[in-house]
Amino acid sequence: MKKASSPLNVIWLFMIVFATIIAGYTGQMAAVTAATFESAETAVELAIGLVGAMALWLGILKVIEAAGLMALIARWIRPLMVRLFPEVPADHPAMSAMLMNIAANGLGLGNAATPLGLKAMTELNKLNANPGTATNAMCLFLAINTSSVTLLPIEVIALRSSAGADNPGSIIIPTLVATLCSTAVAITMAKLLAARGTKLEAKSVPTVEHEPLDSAIENDLAASDSPTDEPADLSPPGTIGNVVFGGLALVLSAAILYKLVTSLTTAVNGVPYFLTTDFVSVASHWLLPTVICLFLLVSYFRGVKVYEVMTEGAKEGFEIAIRIIPFLVAILVAIGMFRASGALDLMATALLPVTSLIGLPPEALPMALIRPLSGGGAYGLMSDIVSNDPNSFLADLVSTMQGSTETTFYVLAVYFGSIGISRSRHAVPAALCADATGLLASLAVCRFLF
């Protein structure tokens, strides 16, 4: 049976054709031509730049998995995740990988979140009976990822602080509220669209055609429940190892405790230190090394050969980077052409009457349009606005937008590209609905608070 075209096919083709037409009328054809080559080069540089972070975190994930911690995490969050992802077995490694990705995004640890998300997609793909086509679980996970709840938008707070904002952390609450709204919509839309897609497939596909898929799923589930997922080849450390690394763990714990006690008992200009943006910045620097040490030490005490397992898992980083290059090139070239042609500016002008009705400042409209397309472009726009007037309503609004939304098409290209997904099904509509909700919620919350 002929399959329906993916929404991403239509969006990608429209951006390229529309950009070329606009460039022909505006005289920007030379700029569009240059943008195609520059964007393709940028895509490769981005992919290569991901190798280091992916190698590190995929290696650490391999250590965690070998220690049996992934299965332990999966059991802890089983009640929630089983309801969200009923297609995924409760103890499957994908469950814990998804949770860790969401947690990393929430804490603003973007460099760690991407490899964790790629690991989750790889595990979800093991349950995929139709290679190349996104499953309901993949679509939901990607929608949640592009709208994930953000507790600490660290990069945005740091920029506001350097620009001289009176209260750089004032966007924490608006960002949290906006991301809660966008995540709720992401889950709702993904579930509704998945149910609609299931009904359409049930009407158009004979029952007999599902039989091979059922057997394939059973084989995948059997493989995922095989003994290979259990901790193996564990060699608990001897007395010297326990004493040395046990002592180091105690010293590290004492340092963390001292820092926390000091932060709770110290005040800066009458304000408790733990409520200041300086504490948030310092805590963010402590968080990543502490988490790495925690995982590695626990795995070591459980008998994992941490160095050997780490380097074995890190090998996957380069392989994934190579796989996502074609998808990144396709997406970034389309975005580059769209921006260079002036089509984005034209769209912003056309939407002004609509945005004025909801009270969105004209200066913030380019930010709203470019955020799903280009993380660097959106960050640049936000930086310019915040630097010019860090204490303005506009600066608060674009900062909240930056912290509460994601570069949707980049995430689509990287996550789906890493496992060769070309048919995205309802992932794009669900993610874009979440983006729109995040932007509208940012505006509403900022109007209320500022």
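For all residues, glycine too, the Cβ spot is worked out from N, Cα and C.
Look at TrEMBL and you will find 7-26 (among others) tagged as transmembrane segment.
Nonlocal intrachain contacts for the transmembrane segment (46-73), taken as residues 6+ away from its ends with a CB within less than 8 angstroms of a stretch CB, comprise 91, 93, 95-97, 99-100, 111-112, 114-116, 118-119, 229-234, 292, 295-296, 298-299, 302-304, 306, 309-318, 320-322, 324-325, 328, 332, 414. Among the features that TrEMBL reports, transmembrane segment is placed at 46-73 (among others).
Under DSSP, residues within the domain 'Nucleoside transporter/FeoB GTPase Gate' (48-158) fall into helix, strand and coil as 80 helix, 1 strand, 30 coil. Residues or ranges marked as domain 'Nucleoside transporter/FeoB GTPase Gate' in TrEMBL: 48-158 (among others).
The transmembrane segment feature in TrEMBL is assigned to 134-159 (among others). Remote same-chain residues near the transmembrane segment (134-159) are listed as 84-85, 87-88, 94, 98, 101-102, 105-108, 110, 117, 120-121, 124-125, 127-128, 168-169, 171-172, 175-176, 179-180, 182-183, 185-187, 189-191, 193-194, 197-198, 277, 280-281, 284, 379, 382-383, 386, 399, 402-406, 408, 411-412, 415-416, 421, 423-427, 430-431, 434-435, 437-438 (criterion: CB distance under 8 Å, separation of at least six residues from the stretch ends).
Residues or ranges marked as transmembrane segment by TrEMBL: 171-194 (among others).
The annotation transmembrane segment is assigned in TrEMBL to 240-261 (among others).
According to TrEMBL, the feature transmembrane segment maps to 273-300 (among others).
The annotation transmembrane segment is assigned in TrEMBL to 320-338 (among others).
The domain 'Nucleoside transporter/FeoB GTPase Gate' feature in TrEMBL is assigned to 321-421 (among others).
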- Integer average pLDDT (0 to 100) for the domain 'Nucleoside transporter/FeoB GTPase Gate' (48-158): 82
- Would you mind listing the long-range same-chain contacts of the transmembrane segment (273-300), meaning Cβ under 8 Å and 6+ residues beyond its ends? 60, 63-64, 66-67, 69, 107-109, 112, 152, 154, 157-158, 161, 167-169, 237, 241, 245, 248-249, 252, 256, 259, 262-264, 266-267, 306, 309
